[in-house]
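Noted in Swiss-Prot for the protein shown:
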ACT_SITE  HIS10  active site, tele-phosphohistidine intermediate
ACT_SITE  GLU88  active site, proton donor/acceptor
BINDING   9-16, 22-23, ARG61, 88-91, LYS99, 115-116, 159-160  substrate binding site
SITE      HIS158  site 'Transition state stabilizer'
Amino acid sequence: MSGTLVLVRHGQSDWNLKNLFTGWKDPDLTELGIQEANTGGAALAEYGIKFDVAYTSVLVRAQHTLKLILDKVGQPDLLTIRDQALNERDYGDLSGLNKDDARAKWGEEQVHIWRRSYDVPPPGGESLRDTGARVWPYYLTEILPRVLRGEKVLVAAHGNSLRSLVMVLDKLSREGVLALNLATGVPMVYKLKADSTVASKEVLGDMSGAH
């Protein structure tokens, strides 16, 4: 009997609000982000799931989101594993820049390519493919074996690190994943088959509210 995998993107951060490229920089949640995480946690509590383990990145916005969710589901002391492999995509030289300022410096078309292409990284940073190249092996070696043993696993991470996972789980093409936006604080509940493919997927909230 295989288990359950729940993916949640962190709530809105200070830098999301300021329209800055964040990447591996480490801002905390806004008041709205706290509310989003609490809403996601309440949805999971209503769903009735109890987790065996949680995973998150080493960045505070994901860890704070996880803490709020675990409080809501009544598991504040759940075993939690933090790993850099789940960090957001590294935006390199764009990190900390306002997105409008970046467009003014490099041009709208170039910035769009860096943000939305699959395999073109910004200067000093990672492409979505690069991000997946560290996220997917970590999933295969650390997270998936637990799910296949029947455990219920929660992952609180970031837009691009989670898109890398969803791309494979949902069998999306490159074009499909580039069009994919994950709303902040909205849990995605995957039931996996014994062969690690997806038996079912349920979204506990509105995915149209992506930042």
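Note: Cβ is positioned from N, Cα and C throughout, glycine not excepted.
Distribution of Swiss-Prot features across the structure.
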residue : record                             : DSSP class
ARG9    : substrate binding site             : strand
TRP15   : substrate binding site             : helix
GLY23   : substrate binding site             : coil
GLU88   : active site, proton donor/acceptor : coil
LYS99   : substrate binding site             : helix
HIS158  : site 'Transition state stabilizer' : coil
Nearest to GLY23 (substrate binding site) in three-dimensional space, by Cα, is which of the recorded positions HIS10, GLU88, HIS158?
GLU88
Using other CB atoms within 10 angstroms as the count, which residue among the recorded positions ARG9, HIS158 scores least?
HIS158
Within its own chain, what residues at least 6 apart in sequence put their Cβ under 8 Å from the Cβ of GLU88 (active site, proton donor/acceptor), listed in sequence order?
THR22, GLY23, TRP24, SER57, LEU59, THR131, ALA157, HIS158, GLY159, ASN160, SER161
In the structure shown, with every protein chain counted, which of the binding-site residues ARG89, LYS99 has the densest set of Cβ atoms within 10 angstroms of its Cβ?
ARG89
Measure the Cβ-based neighbour count of GLN12 (substrate binding site), defined as the other Cβ atoms within 10 Å of its Cβ.
23
